[in-house]
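Novice: This structure is in structure tokens; I'll ask about it shortly.
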């Protein structure tokens, strides 16, 4: 009786939310990879992060299958969407499944689509959860604070220890670059993607009166930690993000924007001062040393991606299969969908994205005093801007981050907020078996495909 009561109560929703937060920490640090693999083998560290993320997604899907409340939340959020948007989402994934069946490497394509659908289910669940328990976003912020501050501490400690205690001949190479790659698991941009989604959300305690002073101070330190690493990475995408945020939200809500930018500038100054101190001790490169307009080989990659999309216009080459043709991913969300999902999938994505942006702008007047809505909008705006110049939606940590940001923004759908008490209707009950079957199929695919076939990371 106790177990039945637990599984049918709101406790399961809180438990799943907690598991997803733990998953965020695990994907951030990938502890198995840190313990088992030599730090010189950064590629295997990247593989271990992928395995860790895969395990976390499987656990989340199992919980969705077992929890009726979780399925109610997913169905309630999906039903709150307009018929037009629901039809486009279903069509989008139908195109993806057909494309995957015809792909060069179907196992890789189906693994990618399985993760994409899992992301969608997670966003729908979190949207319903945040609409019912908006105050619980503080737990998300707390986890991000722990990750950001601990990462900065470990990174600086390792850099300083290496600089002062390694032999002189070894100490001549660029320690900052080495450790940034070491703790980024072979991808020097993973932390930038984490910062993209969570820098705006970390600003919430500083914009709200509902948080203690200690929480506000920790949020500011975490923001400064993220900006420190962004400066060390010489990342320019975040500059573009905040230009877009300033232009869009300056029109929609300039009062909160001024305070938001003020706190971000203060965090940048603190992060820059800390980097200046570390830089003077160990050396390294800063964003000022880079040509801000340099594109490296992106223009060539984008041209090849466009050509690939032109050769496979209808269905594309299949999810994650661009790697087999380009030896890389397009690093642009529009080109990625165009060459992997085809023109029909691209049109579905653009229509949903543009409709969502228009609705988010329309809802702003009714939430002008809501700092939570502002940071949720800013976070998704930053993420979608960054996705235009990077591979944001593919990396595992970014995927685990985006579900929280998008779920938080989606929780403000008026239909969802009004109907929180009416999620037990007969139509949704008939859909429970469908959701359970979908989750079960996804679990099987994520268990089998990566381990029986050599799929792309």
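Just so it is clear, glycine is given a Cβ too, placed from its N, Cα and C backbone atoms.
Keep in mind it's a predicted model, so treat the numbers as computed, not measured.
Marked as transmembrane segment by TrEMBL: 15-34, 46-64, 84-104, 113-131, 137-166, 190-208, 214-232, 263-284, 332-358, 370-389, 395-413, 433-453 (among others). TrEMBL lists 222-350 with the feature domain 'O-antigen ligase-related'.
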Novice: For the transmembrane segment (137-166), which recorded stretch in the set 15-34, 84-104, 190-208, 214-232 gives the largest number of Cβ pairs separated by under 8 Å?
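Specialist: By the under-8 Å Cβ criterion, the transmembrane segment (137-166) pairs most with 214-232.
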Novice: By a Cβ-Cβ criterion of under 8 Å, what residues six or more beyond either terminus of the transmembrane segment (395-413) are in contact with it?
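Specialist: Sequence-distant neighbours of the transmembrane segment (395-413): 20, 23-24, 27-28, 49-50, 52-53, 56, 77, 80-81, 115, 119, 122-131, 134, 137, 140, 187, 189-190, 193-194, 196-198, 201, 360, 363, 367, 372-373, 376-377, 379-380, 383.
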Novice: Go through 15-34, 113-131, 190-208, 332-358 and flag the stretch with the largest number of C-beta pairs under 8 Å relative to the transmembrane segment (263-284).
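Specialist: By Cβ pairs under 8 Å, 190-208 leads among 15-34, 113-131, 190-208, 332-358.
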Novice: Most CB pairs under 8 Å with the transmembrane segment (113-131): which of 84-104, 190-208, 214-232, 370-389, 433-453?
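Specialist: By Cβ pairs under 8 Å, 433-453 leads among 84-104, 190-208, 214-232, 370-389, 433-453.
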Novice: Relative to the transmembrane segment (46-64), which of 15-34, 84-104, 190-208, 214-232, 433-453 accounts for the most Cβ pairs at distances under 8 Å?
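Specialist: If we count Cβ pairs closer than 8 Å to the transmembrane segment (46-64), 15-34 scores highest.
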Novice: Pop the mean pLDDT for the domain 'O-antigen ligase-related' (222-350) in here, whole number is fine.
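Specialist: For the domain 'O-antigen ligase-related' (222-350), the model's average pLDDT rounds to 87.
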Novice: Based on Cβ pairs under 8 Å, which of the stretches 190-208, 332-358, 370-389 lies most in contact with the transmembrane segment (84-104)?
Specialist: 332-358
Novice: Do the transmembrane segment (190-208) and the transmembrane segment (332-358) share at least 3 Cβ pairs closer than 8 Å, excluding pairs fewer than 6 residues apart in sequence?
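Specialist: Not in contact, no.
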Novice: Given a Cβ distance threshold of under 8 angstroms, which distant residues of the chain, six or more beyond its ends, lie next to the transmembrane segment (370-389)?
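Specialist: Here the qualifying positions are 134, 137, 192-193, 196-201, 203-204, 207-208, 237-238, 240-242, 244-245, 248-249, 252-253, 256-257, 260, 298, 331-334, 353, 360, 363-364, 402, 405-406, 408-409, 411-412.
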Novice: When DSSP states are grouped into helix, strand and coil, how many residues of the domain 'O-antigen ligase-related' (222-350) land in each?
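Specialist: So the counts come to 97 helix, 0 strand, 32 coil.
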